[in-house]
Structure formats: C-alpha cells, structure tokens
Amino acid sequence: MSGFEQLFPGTLPRLVMFDLDGTLIDSVPDLAAAVDRMLLELGRPPAGLEAVRHWVGNGAQVLVRRALAGGIDHADVDDALAEQALALFMDAYAESHELTVVYPGVRDTLRWLRKQGVEMALITNKPERFVGPLLDQMKIGNFFRWIIGGDTLPQKKPDPAALLFVMQMAGVTPQQSLFVGDSRSDVQAAKAAGVQCVGLTYGYNHGRPIDAESPSLVIDDLRALLPGCADPATGITLADLQASQDRESTVAVTGKFWMKVIKALARWRWRA
C-alpha cells in the first residue's frame, strides 16, 4: 500500500509541503566545501563532509556556529566570531552549487503530484537568497506554488509559522495537508501545525534515524507515496510523468512580500 493510501484513504492531500535539503536535494557536498573554506580562512582545520552532514538542517547561522564549536552544541561560540564566520560562509556557498544533486524519485513524484492537481510548496531553513537560484539550477522550482526560505518569516522550522502561512494562502486545512521532510525540525513543525508528516530515511537528522522522531510515516524513496505510479493499469506511468512539460505559476515568498501579507497572519500567534 502506498504512502498516500495509508495517510489519505480514498483521496489525496490538497497540499503537499516539502523540505529542501536532505529531502529533495543532497546539498551536503557544497555546504561542506563552504564550511571548510570558511574554517580555513579563520585558520582552523576543515570539518569534513560527514561532520557537516550531522550539523545541517537548522539554517546557515546554526550550521556556522556548529562548525565553530566542532559539534552540535554551540552555546559557547562567541557571537562576534560567529557573525564574521557567517559572512565568510555565505560568500563561499554563493559561489557554487556544482556538487548538489536531486535525489532519485524526486522529479517523478513532483510530476505525478502536479498531474493530479495537488498544490505544492517548499519550506526550507536555507537562506532565501540561495533558494531560487538553486531550484532553477536543479530544474524543480516550477513545481512549487509557494517557496519560503529560512529568513523569509520571523520564525523558521521547527516553528510551524511557515506551514500555517502556506496553508492559509492555499485555503486548506491541516487535515488536507502533508509535510515531507527528513529531520526532527520538520517533524516538530508538522506536528505543531497539526499536519501529518512523512520522514525520509536518506536525509540529514544529526545522525539520528528519522523514525526516532515519530513521523506519521517513514519511507526510503519519495515514490513510495504514489499509488501505483509505475503500474500501467492505473493509466499513469513513470513514462507519462517524465513526458510532462506543464509549468505552474510560482510565488516566491520574499521578505518584501512577507511585509505585504503580515496583516493576514495577525491571527496566528508568533512564538518567541
């Protein structure tokens, strides 16, 4: 039985919201290269790929502080040093995303959802300045009606603000929505928003298995969500998905756009 058949018996969600890093794309190689360049410029030894893999998922500021601390706990990192290091990291990461790749099954799943008329949104803790260019490079940006970066709203995941915002914009309820991610922050945000969450085993969760966070469903491949997508009897095959060239309009939610719609969110209580 597919993931959708388990979570939405007899129907489909009206809205599917996705995390980005560790869910749709493997960006750790480029992030690690930027972290190591930052550390070298500060006269420190590089951290390496596997260390960075355990540190990502909570935004650039936290990643930089973890790199300076050499671990998950970064409370003792000097704020001035962290600010200097963040600028170095942002400059380094902006230069190249050549090592970033889309995970297998992602494009098939996005095409299938679009063919079914399911609205899609992207909610990431990655700074918004990187999100649009990266999505364009990966050729998946046109699938998403709403795109929210980590510094778009006053809060980032695990706060549910972005999920609540997108559901309000889409005019759907939590019961009609699904969030797909790979980390504790994703699961916590979904639960706080009252939304079912699918956890992916291949992503970044600080070295912890995603099932330890108790998402609604755990899968190894996004295509496990799709009911019979490779079964010709359904009339929808992977060949159909790959041939689809339709494009949807996309709303990239920037900081300026946020100021225009903040009044519409007044009924939500922002958590400190």
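Each residue, glycine too, has its Cβ placed from N, Cα and C.
Residues or ranges marked as active site, nucleophile in Swiss-Prot (evidence: sequence analysis): ASP19. Under the three-state DSSP scheme, ASP19 (active site, nucleophile) falls in the coil class.
A C-beta separation below 8 Å, combined with a sequence spacing of at least six in one chain, links ASP19 (active site, nucleophile) to LEU122, ILE123, THR124, LYS157, PHE179, VAL180, GLY181, ASP182, SER183, ASP186, GLY203. Per Swiss-Prot, Mg(2+) binding site is recorded for ASP19, ASP21, ASP182.
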When you tally the Cβ atoms that lie within 10 Å of each candidate's Cβ, which of the binding-site residues (ASP21, ASP182) has the highest tally?
ASP182
